[in-house]
Structures are given as structure tokens and as C-alpha cells.
């Protein structure tokens with residue numbers, strides 16, 4: 001008797017011999033017990049007569065009808081800022097997704113923040129490092145490094161900043177309409193609403209101690225706020241050069257800037273199928289614990305099958321529609337859909353690919369808690385392994401392997 005696996009192999013081989021009009025073989029799930037809609041024979045196997053929310057379900061077609069090659073189960077790798085509660089104050093708002101909300105996200109927590117023109121995220125510091133990408137408008141940042149060297153910089157869309165743990169800093173929206181950005185902390189437990197705030201410290205220090213510390217009379221602090229300000233409305237800052245001159249005084253400038261243009265950098269991979277831009281400690285010197293890759297893809301393109309050996313990948317989808325499949329031992333394979341404002345997560349060393357399933361450009365950024373960006377391309381590995389060995393694994397002709405891309409393209413075009 002033939003096993004299910006034998007039948008699948010014969011089915012695929014038969015499909016391959018069909019005329020040139022055949023586009024591809026149809027693969028089912030080769031595991032036992034059979035999974036996937038392709039194996040559902042009884043009328044009730046696919047229906048869902050119970051309570052449901054069709055409006056919500058339509059955003060997750062791969063959850064409702066997964067590809068027949070999906071198998072087993074993996075931890076939920078989707079979260080979103082779209083359904084995260086916003087904390088709003090005069091001057092801006094923020095919302096966050098930490099490991100408390102997104103169990104798989106142990107290495108990175110994320111914050112989405114908006115500051116109005118002149119809106120200030122008050123002077124503060126963190127236990128974790130802070131990395132951010134600006135997605136709208138323009139922003140001014142200030143920071144002091146651990147050697148006492150101040151830095152002031154302005155950012156535009158696609159720019160990054162990085163502040164090491166304990167480095168005090170501030171953020172402020174510029175004109176005409178402030179800014180919006182996404183922050184990543186290199187700790188899944190880091191919480192935007194539990195940071196070390198300068199106004200909190202002042203309010204919880206005796207006036208006479210403040211007087212001694214700053215060398216002024218105690219009554220100089222009579223009007224300080226007795227609660228933290230977190231985000232508040234201020235005036236739009238003036239000329240950048242003036243602010244830089246004001247903080248310089250007798251201090252040296254830091255050796256490397258705390259901001260970096262990822263969107264304006266040269267792609268490390270680029271073709272008609274899309275581009276990949278990378279920022280890590282080799283190009284963004286201060287970013288010693290966080291690396292990032294900005295991926296842009298036209299409709300139909302696919303971020304090639306690959307994995308990352310040195311860190312989990314935390315993804316933020318900036319625009320477009322994506323479908324990602326993650327592969328793990330077991331076997332387990334899970335396909336998930338993503339849109340603008342969504343977050344994805346892939347644990348280190350798990351194989352995955354991302355498809356642009358929309359009709360507009362897809363753009364997302366992958367963030368890694370690592371000093372360097374690393375990836376292993378499946379096609380590059382297989383084309384740099386003896387062809388005879390590879391051919392024996394897949395029951396294919398060595399000549400077919402010669403047609404595979406051997407340059408680690410990063411993104412492949414619509415076939």
C-alpha cells in the first residue's frame with residue numbers, strides 16, 4: 001500500500017509533468033493526522049456556526065483558512081498598536097505592547113508615541129536601552145552620555161535614535177505638526193509608563209536638599225509641579241544651532257551622534273523586487289545593543305526564506321499588507337497576516353518569509369536585540385552546498401539548483 005506521503009509525492013510529480021500551462025504543484029500537509037482544509041471531507045469540517053465577529057475575522061484570512069502546508073501550532077506571533085489603549089495628555093499620547101501583552105516578545109517591548117508641535121516627552125531615563133524610528137513629522141531629541149557629553153539633534157521620517165540605559169534624554173515635536181514614532185526597548189518587560197522622570201524626583205526631594213544640590217534658595221522651587229508631567233505641551237523649539245550652543249558650554253561633543261538616517265542610507269540589498277537597509281553598531285556606532293533592517297517590497301514580492309541566528313526579530317509594519325509564515329521543529333508552521341500598525345515576532349533561528357499580499361508597497365522594520373545584524377539565506381546556503389548533496393535531499397535534478405539565486409537577494413519578485 002502507498003502511504004499518504006507517497007501519494008503526495010506522486011501527486012506533485014504528476015502535476016510537474018502537466019503541460020506548460022501548469023503554474024505549480026499543489027502541496028498538501030504530509031503529516032499524520034492530516035491537517036488543512038484540503039483534507040476536510042465532512043460538511044461540518046470547515047463551517048463555523050458558533051459566535052463570531054466577521055469584521056475582525058476578515059483581517060486574519062490565514063487564521064481562518066491556513067495554507068495546507070501549515071502544521072501544528074506556535075505561540076501567537078501577532079500583536080498590534082491598533083488595539084492598544086492610548087494614554088493621552090495635552091501635548092501627545094502613547095500606547096505600548098510589552099511582554100505582558102504579547103507573551104512571545106521577551107527581548108523587545110514596543111511603544112507608539114505621538115507628540116504635537118511643541119509637545120514634550122519630559123526629561124527622563126530608563127533601565128533599558130531605547131531605540132526608535134520616526135514614522136511621521138519631525139522631532140528634536142536631547143541626551144547626555146555617561147561621560148557628560150551633551151547632544152541635541154533633529155530627526156525626520158526614517159531616522160533613528162538610540163539612548164543607552166541610564167542616559168537622560170528628552171523628545172519634542174517640531175513644527176508644523178509634531179511627530180510620531182515607534183520606540184523599542186531592549187527588554188520585553190520595559191514599560192513606558194514606569195520610567196525615571198525628573199519631575200517625579202524633584203517632587204519627592206525635600207526643598208532644602210534641592211537648595212543644597214543646585215546652590216540656590218529653597219523658595220526657588222516653590223512652584224515646581226507636585227506630580228510628573230510625562231507628556232505636556234510646550235513651545236516649539238527654535239534653531240537647532242542655538243540649542244546646541246546652549247548645551248555645549250565647557251562640555252565636549254560625543255564622538256558619535258545619537259541619531260542616524262536609516263531611511264536615507266544606501267540599501268545593503270536592492271533590486272526591482274525591493275530593498276533592505278540595515279543599521280547596527282557598524283554603521284550606527286552608539287547602537288551597541290540594537291540592530292535593525294528596513295524592508296520595502298512591491299506587490300507580490302517575497303522577503304526570501306531565511307532566519308536570524310543571533311537574536312529574536314521584533315517587526316513593526318509601517319504600511320501595506322503582509323503574510324508571514326514561520327517554521328519551527330516539530331514540524332510546526334504558522335501563517336499570519338499583518339497590516340499597518342501591527343507587530344510581528346520571530347524567535348531566533350526560526351525559518352520565515354514575508355509576502356506582500358496587498359496592491360501597494362509593503363514596508364516594515366525588523367528590530368533585533370543584538371549589536372550586529374545577522375541572517376542566513378536558505379537559497380544562499382543551498383547554492384553553496386555541493387549540488388549533488390542538495391539534489392539527493394529533494395529528489396530534484398542538479399540542473400534545477402543551478403537556476404536558484406546564489407547571491408542572497410534578500411527580496412524576490414513576484415513570479
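Glycine residues also receive a Cβ, built from the backbone N, Cα and C atoms like all the rest.
Marked as signal peptide by TrEMBL: 1-24.
For 19-77, the entry in TrEMBL reads region 'Disordered'.
The DSSP breakdown of the domain 'Cupin type-1' (82-222), given as helix, strand and coil counts, is 18 helix, 63 strand, 60 coil. Under the heading domain 'Cupin type-1', TrEMBL lists 82-222 (among others).
Taking Cβ-Cβ distances under 8 Å and a sequence separation of 6 or more, the neighbours of residue 126 (Mn(2+) 1 binding site) in its chain are 163, 165, 166, 185, 190, 195, 196. According to TrEMBL, the Mn(2+) 1 binding site annotation covers 124, 126, 130, 169.
What TrEMBL records for 260-402 (among others) is domain 'Cupin type-1'.
Counting every protein chain shown, the number of other Cβ atoms lying within 10 Å of the Cβ of residue 306 (Mn(2+) 2 binding site) is 18. Under the three-state DSSP scheme, residue 306 (Mn(2+) 2 binding site) falls in the strand class. Positions annotated as Mn(2+) 2 binding site by TrEMBL: 306, 308, 313, 352.
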Cβ within 8 Å of the Mn(2+) 1 site's Cβ centroid: which residues qualify beyond 124, 126, 130, 169? 125, 163, 167, 168, 195
Euclidean distance between Cα atoms of residue 130 (Mn(2+) 1 binding site) and residue 308 (Mn(2+) 2 binding site), Å: 21
Going by DSSP assignments with H, G and I as helix and E and B as strand, what are the residue counts for the domain 'Cupin type-1' (260-402)? 18 helix, 65 strand, 60 coil
Closest of 124, 130, 169 to residue 306 (Mn(2+) 2 binding site), Cα positions, binding-site residues only: 130
